[in-house]
């Protein structure tokens, strides 16, 4: 998931120190390049939407984990992401090849991503403990592979054009393509599982239904198909895109200087320790009995941090010169709009993943028909695509910040209304879901365009650019939100006394479980979306500032262009 070389900041940064001439900011990208770029997210979504919609179900009803074990797994594996995600961004920013900084990862990591995705949905013939260990290993590996290809892919949007309006257009293509991948997953997965696993007709409550004979094989071969398709799509993205915002080769910092900073910085150690402590609290469900051990672990970690920093300062006393990593880290944690988007992504994705993970359970047990889930997902995806197509004109009218706040608030209200729906009000469920998806369509487009804007904001303030690290940290926020949401789905199922199938036979669910499924489809995700919208009130890049940043950066680059 990585690659190489260590460029660095100038000792006294000059304007546009990180950017070489890139041409006018008004340059338009062709449709072929925009579509080609978008297909990369189609590839990613063949995996990501499968994880969102089916992984918890696979782990509990097919693979054989308990809901609580599956939820804990998805949180614990994020510990490595706290190190892995920034590392990939750091390496991507420092990669230098004839293909560019970010495009090579689409070639290098597409096959490893495909292989780990397939293995995640393989069910080994081992006991419960062996399965749990296998699940931890494969889920960690597939998330590492996702990081290694998706962070450079996301950062690529920040360097194929310097124009903010064009980025929004590219982002629109990206997420239309992403939702197309999601539609394929939502509409085809259960059918493919049945095709590969085989079906037999049985009578359930007096109604003939096709039951999948071997869901384990079904899910495995379905992921084989998705994985082959994803590799092809990533290669198309590589072939059709070009990096235009190029790094200068002005100066280099040493790896030892960056390592010195990582080992001796109190701020880095504090961020890491506090993050791990919060993750431990979430993993244990904030149980009172675990708070004292977690506090003790934090204090021990702080003591170890002091020792490490003391030893490292002596060990690297001979290392002089600036550290690029130090400058990147300080720029990032002082970048207010990026911090706001980090919090927004965490809360928003948590809410969406709780709801997304509950859909199949909701229709299978509350409404009594799991076959309703695919058309429910697909109808929402088509509505979201329609909403995405309005992103550009709506952004011109309202601005990115106001549009994001308004859409999230509206979607939260619509989600909350599901608490009032009975199991037979299927048409109303679909109608509300379609309207909510349409209104929420612009959100992912705007979010990733705004992340690119925060990279510009950082460069505008510091005259340095670290696109890879900005998108790495953004991706970590997204993955944490998804992990917390997926984990909370598992914890909520356990809390509401969900009874998983025994030897392939579905169990009757209690009234408490039914009430919990209703909450997971309505009030709980709505609360997270409202919190996310509240975060955006602190976002400080207005339309006027956005235009000023773009003009100032372009002026700096033009002043550095050689005269002809």
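Just so you know, glycine gets a Cβ as well, placed from its N, Cα and C.
The feature compositional bias 'Low complexity' is assigned by TrEMBL to 1-22. Sequence annotations record features per position, and here TrEMBL assigns region 'Disordered' to 1-25. Annotated transmembrane segment per TrEMBL: 105-124, 136-160, 172-198, 218-240, 261-280, 286-308, 338-363, 375-391, 403-422, 428-449, 469-493, 519-539, in sequence order.
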Would you say the transmembrane segment (172-198) and the transmembrane segment (261-280) are touching, if the rule is that at least three C-beta pairs must lie under 8 angstroms and be 6 or more residues apart? no
Take a look at 338-363, 403-422, 428-449 and tell me which one has the most Cβ pairs under 8 Å to the transmembrane segment (469-493). 338-363
Taking the transmembrane segment (172-198) as the reference, which of 286-308, 375-391, 403-422, 428-449 gives the largest number of Cβ pairs under 8 angstroms? 375-391
So what's near the transmembrane segment (375-391) in sequence-distant terms, Cβ-Cβ under 8 Å and 6+ beyond its ends? 53, 168, 171-172, 175-176, 179-180, 182-183, 186-187, 359, 363, 429-430, 433-442, 444-446
